[in-house]
Amino acid sequence: MPKVMKDVVHPLGGEEPSMARAVVRSVGGFTLGLSLATAYGLLELLVEGHSPWGCLVGTLTLAAFLSLGMGFSRQVRATVLLLLPQAFSRQGRTLLLVAAFGLVLQGPCANTLRNFTRASEAVACGAELALNQTAEVLQRAKQPLVSALNKIKAIARKTKEVADRVRKFFRSIMDGVKHIARALRNVWQWLLHIGDVCNSELGNPYLKCARVFDDAKDSCMMVIPQAYHLCYVLMPFKLALCGLASLVQVFCVIPKYIQPFLRQTIGTPVIQLLNRVRQEFEFNMTATHHFSVDLNASRSLSQVAMDLHEAVSMKLHRVREALALMGFTTPLLLVLLYLQALFYRYCYLNWDHYDNIYITSRFLRMEAVRSTAGLPTVLPLSAHEARRYIPPGSIFLSQWEKFFYILETFNLIRHLLLVLFLVFLDYAVFWVLDLARHQLQGEIVARSPVLVSLTVEGTGYAGNIYRDLVSAFDVLQQGNISILSRRCLLRPSEPDSTGYIVIGVMYGLCFFITLFGSYVSRLRRVICASYYPSREQERISYLYNVLLSRRTNLLAALHRSVRRRAADQGHRSAFLVLASRCPCLGPFVSHFWLHQAYCLGCGQPQDEGDMENTVSCSTPGCQGLYCLTCFRLLDNTCSVCASPLSYQGDLDLELDSSDEEGPQLWLAAAQRKDPEQAWLLQQQLQEVLGRSLSMESTSESSDLDEEKGPQQRKHGQQPLPEAHQPVSILTSPEPHRPPETSSATKGAPTPASEPSVPLSPPSLPDPSHPPPK
């Protein structure tokens, strides 16, 4: 059938709605659009917990689209109405599972991550508390030494003050001594240099006096060289006067003899005395203490705690981002459902085989019209067709619906197990952390069990030092260590019961969709049929033609199946066929394989006690055994012995010169049914085999078979080969002309039609691609 490419198929002239109905539909669509937008806004605000402004903007946008679209557009109205049952389809259930799992991620998973974060914060606080307590213990351990050092420093400061005073006193003494020394040095220098000054000022008196008289003598001798002997008159005066001048030389010689005496007797002892006094006031004070604490760690405990907290935060950053994105699943869900509704509407208008498996009331009316007109019909359906094609209101599911029903049930169970595990994990983590909080909610402080008191008596610097040391040990004993503090108390986050109720409701809705989604999804075809009735009539005609075409091909396939199983003598397996060919395997096969009769048409096993549902061929010597359905499809004629009579056409028979049983059975059946047809069949067989055939042997075998009776013929049946569904063998239709006394189903197949709707030949769908749901 040609595909309909128009999106809108207007109804027939008699069904065109009036103006009043159009107004009512527009008002109803406008109201329904506003209601749906309001429900979406409440869902986003109350369930998802989004911001009011974001919910307001989204609700107004959706309300404008839905109300105006459903009020003034027939296509939008049909698509939105399709969206409601589309939510109960397999794709809608999948999207609802995604939304529910998003709530699970935002609820239990986020709460579990929050509890892990709080646990890491408590661990970091405990590490910092341990660091502070360790530093405090170290400070208290250093306290005795620090006190001793402080006392020593105080003594040193006081000693320094005394030393400063002694230094000032010594400096005063030194200044006085230096003043005396300077005076003595001046005297010493005067005594040291007085001889030189005396000699430089006065010279040697005797020598100077003698030099004066000598100079006078020389001058005289130069003046009066002739009377130089007169110049020697001065010599007596020289001796007398210069002898008196030598007495003054004693004063210049005395300091030379006094200076060494003063150096040895006064200078050296005084210097030694001063040095000895200086040494008495010089002293060295050395205080040495050693205190070393080695902590082999590259990082401090506070840094380790902060690094631990940052590492946990970095690990959870992407998870938190994903959880934040899960809050926008509802708009995405609505958009995808709307796109799926558009896709279903497009497929309904353009693909004849899409979701076309329902036997509707229009289909039944077409069947009644064709039955009244004497045309071939398709009802009742075969067992295989009944599993595929169902009425829309039937409580039974089609074959594909059952398959998807089982698949979706297992998928839902898998999701429920995962969600239950996440919920259990949330409660387990909270229970463990809450138990730890309950056990550690107190405060533990380590105190010294025994206090030792020491008293130091005495005065002086040493007593003060020992007294300070003892007081420092008292401080060390009285110090308390906080092992557990309320500041680091773990406060786990309690699971949200309201969120769990919402999650339970959503998964309950998923379970409802899994159970009844197939029935609700059938409303999509009802909605499209109400909006596009002419398109629905075309789809029904297409389905009727498909069934009628398969019914015609079914008869030819059933004839071939019967002939094939009759050639194999009714054996189902290759081993039984081999045993029939080799007589030596017969006892072995009969010992292990029980005898069972099978329908030659469909291969269904037949119970020996239920003979009401089986039909045996009445022709003598024929092994034909059929179920009621196959025998009705064969026009109540055995296809083994009477196929040339019931299936007119070319003799497509595999015969050779040694085949005697088949032609004799055909002639016997023809003789019983119509002697004239028996004569014609005999002529055709003689032409095919190239020899003459007589009916005498046939009549003899007929007499023998009549004596055996039908009960012995039933026990003489051999096991039949494996059943094949007749509808799975698609062949080209062959001409078939049943007798005039047959029912309407025996007539020649013609395209299904109604007086007012012309039909075209059907285009068979691909068996490997079943129609999607």
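Even glycines carry a Cβ here, placed using N, Cα and C.
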Record feature N-linked glycosylation site (Swiss-Prot), assigned residue among Asn115, Asn296: Asn296
Per Swiss-Prot, the range holding transmembrane segment, considering 52-72, 577-597: 52-72
Shared topological domain relative to the membrane, Ser219 and Lys315, Swiss-Prot: no
Candidate set Asn132, Asn480, residue annotated N-linked glycosylation site in Swiss-Prot: Asn480
Contacting positions for the transmembrane segment (416-436) when only residues 6+ beyond its ends and CB under 8 Å are counted: 100-101, 104, 107-109, 111-112, 115-116, 118-119, 490, 492-495, 500, 503, 507
DSSP-assigned states of the topological domain 'Cytoplasmic' (344-415) in counts, ordered helix, strand, coil: 42 helix, 2 strand, 28 coil
